[in-house]
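Take a look at the structure below.
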Amino acid sequence: MSKKRLYEIAKELGKESKEVVARAKELGLDVKSHSSSVEEAVAAKIAASFKPAAAPKVEAKPAAPKVSAEKKAEKSEPAKPAVAKEEAKPAEPVAPKTEKVAAKPQSRNFKAEREARAKEQAERRKQNKGNNRDQQQNGNRQKNDGRNGGKQGQSNRDNRRFNDQAKKEQGQQKRRNERRQQEDKRSNQVAPRIDFKARAAALKAEQNAEYARSSEERFKQYQAAKEALAQANKRKEPEEIFEEAAKLAEQAQQVQAVVEVVPEKKEPAVDTRRKKQARPDKNRDDYDHEEDGPRKQQKNRSSQNQVRNQKNSNWNNNKKNKKGNNKNNRNQTPKPVTERKFHELPTEFEYTDGMTVAEIAKRIKREPAEIVKKLFMMGVMATQNQSLDGETIELLMVDYGIEAKQKVEVDNADIERFFVEDGYLNEDELVERPPVVTIMGHVDHGKTTLLDTLRNSRVATGEAGGITQHIGAYQIVENGKKITFLDTPGHAAFTSMRARGASVTDITILVVAADDGVMPQTIEAINHSKAANVPIIVAINKIDKPGANPERVIGELAEHGVMSTAWGGDSEFVEISAKFNQNIEELLETVLLVAEIQELKADPTVRAIGTVIEARLDKGKGAVATLLVQQGTLNVQDPIVVGNTFGRVRAMTNDLGRRVKVAGPSTPVSITGLNEAPMAGDHFAVYEDEKSARAAGEERAKRALMKQRQATQRVSLENLFDTLKAGELKSVNVIIKADVQGSVEALSASLQKIDVEGVKVTIVHSAVGAINESDVTLAEASNAFIVGFNVRPTPQARQQAEADDVEIRLHSIIYKVIEEMEEAMKGMLDPEFEEKVIGEAVIRETFKVSKVGTIGGFMVINGKVARDSKVRVIRDGVVIYDGELASLKHYKDDVKEVTNGREGGLMIDGYNDIKMDDVIEAYVMEEIKR
């Protein structure tokens, strides 16, 4: 026997596969899915179980759609003919429904009930589909009969129209049934609606009744009061009535007078359109609390608003009628003009120059027109926007009887005020500070050697020509107390630098050589110290040398006003030997003793102020300034104004080269972070924030520029002859470049002091840093030559100078520059030698050998390095050392020269501080042929 699958049975019956699977399981068959197969007998049994729910196929003759009554009957009851035909046809035997009920378990099974309800709904849907299918079959039979009967065209159109109409009516009936079901469900879920119109009408009627009742009560009260007053007046005599009437008239006149004098206060406009008259006897309607839930309360509030809107709906119309051509409104008297309130004049008036009339009027609470009138009476024509000077303002205040005081404005850009103001320091916060000691003296009298001995280092050995080139600041500790030392150059060219040192110092150590005595710079140092009112400690140095005569030194100093305490003076004398460290402890004890007598105090709690000791431009760091903190505490990231520039302290290093974050009073530090390099000797001050510091710095730079422009000499009748005479003079143009600002100032001042008849020196440009291309271009344009002091030209600048034939003079000792300039200007030049650079090398590695020194491994990058040539050590464009080679080797062999591109090793005579990336410049001196 053949088998059938369940989905094939479902397809034949027009059922879904899951329904057929469920029916098979109910019949006790072991099936798993719609793909399971069963015997034909079992398939017939499954099909028979669906027969009662399926719609029977009935052949019906096509009805003629001509009669309108039949169509109406079909529209009203479309399912009745099908039911009648089903009853007429004998049904096939099926299993009774009681079997299904008997198959259910006795206990209630909700899952089975849901499945049963789902099956019933599915059967009803199938039944409706069967009815539709029968109608379609009837329509198809009618079409066939029509074709066979010879009425093909008209019958087809009529049948099609009839079927479409039947489908449309069935769909409409179905939608109506669904809509009724949805409305029934919604009516069961939604609460009964409130009839707002009826509610509003009831509320309005209630309010009207309440208003009528209250109006009637007020009318009754008014009538009762009127009758009581009439009875009281009947009891009084006529004379008393007349007296009371007269009193009332007088009171009315007094009230009218007060109303005329006192202006009526204008109340702010308030919209009273929806406000009702208060009725204390009316009870609050609590109908909105009768129902629970926020939705009920919200609906009740909306009904209240509807009632209120209905009551006030005619408000705009009434308002328009009131604003119409009403004669009463036009005839109303205008309100009295309010008078200006009287303000008392101030007793004092603080003014500033340039105040306008309007500003003065606002301050003294008067009209500008009144002040303009007074000024006109005083003979001053002014408007309210015109500025007045201080004298005019004082005269105006005298006319008003006010005491005028000029307001003292604080200049934010003036940093000098911090050094002179008495209230800047807190007297309660003053603490003892280290003394600042300046070492002064003549050239080669041992100042730097003394300082070197104090610091236990050997920086004095490397000074070019034995002269300190710029100020150094250092700190030492003696007996647990700090002492700050400033070292100043001793040459005459550095007068301004010594003057700066004397202005910031507390004690001066005057170094005088015992074998040399008092020299010109010694006398100058004495004058600087006396001008600054600084005590002097005389250190008679070099007592170990033969021919030393300390007594002669004491006598010479006494002639210049420096008396020893042994001779009845106030200056301490100490005989020392800086070279052999003799009596150094005694000198330091004397310094601490003098400092203790002076009682040096400082306030570390205020913002830092102080002086610039030195400033320079560094290739990698930018502007670097050496500062001496005099008051307060300097911190990293402080906004600072230094001279005519400003910035923020980015990094701070002490005299040992170590990074620090805080610098107290009398502490020398080197800072970075400034926009430009300041001038040595400038004051600095820390501001509250960067904004105020920027404003102060820009204002100071602007003022300095204006001052420089105003200092430009103008031609006048007095200097006309001098100007014409100067035109006959020959001028020597010079461009000065140096390593530090102090050296630039010293060179400029020294060269301008050279007095040669018929020749003068003009400083075209002076700056800090290496010689660059712009300097060469400027020298070519101005026909000048360049003087470099402890700096070197860049390779590009050197090439450009050779191409443009610009002369560059490089020096490391200042008095040699001055002597050379004087000889050149006098035309007495001796045969001279010209420096010729023969090669350059770069240090790649260093090797320290005991008892020998430091060996530098180098590579020649340009030219050659010869054994008999002189060398310079250049670091970041600055000459560190200038000397001769002690050894030159290629591997282990001594060589006379190392050419370009080759490597070798060298040692420099007297210099061991060679570092990687140092540039070794080799040069020879060649005689210039004239």
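Backbone N, Cα and C atoms are what each Cβ position is placed from, and that goes for glycine too.
Keep in mind that this is a model prediction, so the values were computed, not measured.
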Margin query: Labelled region 'G4' by Swiss-Prot, one stretch among 433-436, 541-544, 617-620, 645-648. Can you tell me which?
Written below: 541-544
Note to self: Of the ranges 479-482, 487-490, 867-870, which one does Swiss-Prot flag as region 'G3'?
What the structure shows: 487-490
Check: According to Swiss-Prot, which of these ranges is region 'G2': 16-20, 466-470, 741-745, 771-775?
Finding: 466-470
Check: Any idea what DSSP makes of G441 (GTP binding site), helix, strand or coil?
Finding: strand
Margin query: Please count the residues of the region 'G4' (541-544) that DSSP assigns to helix (H, G, I), strand (E, B) and coil.
Written below: 0 helix, 1 strand, 3 coil
